[in-house]
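Features reported for this protein in Swiss-Prot:
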BINDING   CYS15, CYS19, CYS32, CYS37  Cd(2+) 1 binding site
BINDING   CYS19, CYS24, CYS39, CYS42  Cd(2+) 2 binding site
BINDING   CYS26, CYS30, CYS32, CYS42  Cd(2+) 3 binding site
BINDING   CYS46, CYS58, CYS64, CYS72  Cd(2+) 4 binding site
BINDING   CYS48, CYS52, CYS54, CYS58  Cd(2+) 5 binding site
BINDING   CYS54, CYS66, CYS70, CYS72  Cd(2+) 6 binding site
Amino acid sequence: MPAPCNCIESNVCICGTGCSGEGCRCGDACKCSGADCKCSGCKVVCKCSGSCACEAGCTGPSTCRCAPGCSCK
């Protein structure tokens, strides 16, 4: 039985607080929509309003930088 926080073995992307970075292996396919991703390897998704793209260096909501005139969500 795979470890509950091992995303590679369980095929489930764990983004909640139930997992710490310990023993958690998530790949690029694991995308979380909040700053609370506890798995190492999870990609926190940065979203800008409308069709605006996020600028380079955006690693999540706290570092989200959108094009001028766009808001981050």
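Placed from the backbone N, Cα and C atoms, the Cβ positions cover glycine too.
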CYS64 (Cd(2+) 4 binding site) to CYS70 (Cd(2+) 6 binding site) - Cα separation in whole Å: 11
Between CYS70 (Cd(2+) 6 binding site) and CYS48 (Cd(2+) 5 binding site): CA-CA distance (Å): 7
Lowest local Cβ density (other Cβ within 10 Å) among binding-site residues: CYS52, CYS66: CYS52
Residue pair CYS52 (Cd(2+) 5 binding site), CYS70 (Cd(2+) 6 binding site) - Cα distance, angstrom, rounded: 6
